[in-house]
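Visitor: According to TrEMBL, the record shows the following:
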type	residues	note
DOMAIN	1-60	domain 'SRCR'
DISULFID	C29-C39	disulfide bond
DOMAIN	64-165	domain 'SRCR'
DISULFID	C90-C154	disulfide bond
DISULFID	C103-C164	disulfide bond
DISULFID	C134-C144	disulfide bond
DOMAIN	168-242	domain 'SRCR'
Amino acid sequence: LNCGSALEVPQSADFGTGPGQIWLDNVTCSGNESSLTECQHSGFGSNRCEHGQDAAVICSAVSIILTGSGSTRCSGRVEVYHNNSWGTVCDDSWDLNDAEVVCRQLNCGSALEVPPSAHFGAGTGQIWLDNVTCSGNESSLAECQHSGFGSNRCEHGQDAAVICSDLIRLAGSGSSRCSGRVEVYHDNMWGTVSDSNWNLNEAEVVCKQINCGSALEATLSSKFGAGTGQVWLSGVTCSGNE
């Protein structure tokens, strides 16, 4: 499909159930095949499945990944795929508008930070993009203005990076990047989390998810102000190791 790399395999018909036949089951690939039909499977139409088990994928869209030392699914050095190879993006004029597009493209929530100076380590090979200029509303980095693929005078010490919220953010009065009211993104809107059962274990997972170190306090009673709209989660229970 020319959609870059696989980022996620959502379970349980995450994009809805399909109609008609279920053609493939027990598909087993090495990852190097050029077509799904080259992988082992149970045979066309041979299965005991229901459409509630329909498989899904989330790809990197216009071939973009976050990688490097200390990177996560939603934070890292920005690399794009062009001309059959991965390359980096120079951080000339790189800002939160550009990062916002990357985060949206990767289904990683909102942009929190654009660390400078190859924060996640210097890449290798080509530097594909420079002087990237986005409004922040684009759906893909390829829609933003830039100097042209491979046109730059940069070094890998200038490799651009992003830290995204990964569908979770801290907001509210007096909030900072690493403290605030916990909000999660679901069904195309931000909503809050009830503090029922909320303690340091849950806070530890939030801090880890947004690359903010360890949890120091799990504040209650809307310390950062009451949110609006949906309350998406209640009774959240974590061990702290998630």
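One-based numbering along the chain as shown.
Just so you know, glycine gets a Cβ as well, placed from its N, Cα and C.
I'd like these features described in context: how deep, what's nearby, how far apart.
Guide: All protein chains included, C39 (disulfide bond) registers 14 other Cβ atoms within 10 Å of its own Cβ.
In the domain 'SRCR' (64-165), the DSSP tally of helix, strand and coil residues is 16 helix, 36 strand, 50 coil.
Residue environment of C90 (disulfide bond) contains 24 other Cβ atoms, counted within 10 Å of its Cβ in all protein chains.
Long-range Cβ proximity for C103 (disulfide bond), meaning a same-chain Cβ under 8 A and a gap of 6 or more residues, is found for C74, G109, S110, A111, V162, C164, S165.
Note on C144 (disulfide bond): other Cβ atoms within 10 Å of its Cβ, all shown chains, come to 18.
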Visitor: Cβ atoms within 10 Å, counted per site: which of C154, C164 has the most, among these disulfide-bonded residues?
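Guide: Of the disulfide-bonded residues C154, C164, the most buried by Cβ count within 10 Å is C164.
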Visitor: Nearest of the disulfide-bonded residues to C134 (disulfide bond) by CA-CA distance, picking from C29, C39, C90, C154?
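Guide: Looking at Cα distances from C134 (disulfide bond), the smallest one goes to C90.
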Visitor: Between C154 (disulfide bond) and C144 (disulfide bond), what C-alpha distance do you get in Å?
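Guide: About 19 Å separate the Cα atoms of these two residues.
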Visitor: If I take the Cα of C144 (disulfide bond) as reference, which of the disulfide-bonded residues C29, C39, C90 has the closest Cα?
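Guide: Among C29, C39, C90, C90.
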Visitor: Is it possible to get the count of other C-beta atoms within 10 angstroms of the C-beta of C29 (disulfide bond)?
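Guide: Total other Cβ atoms inside 10 Å, all chains included: 12.
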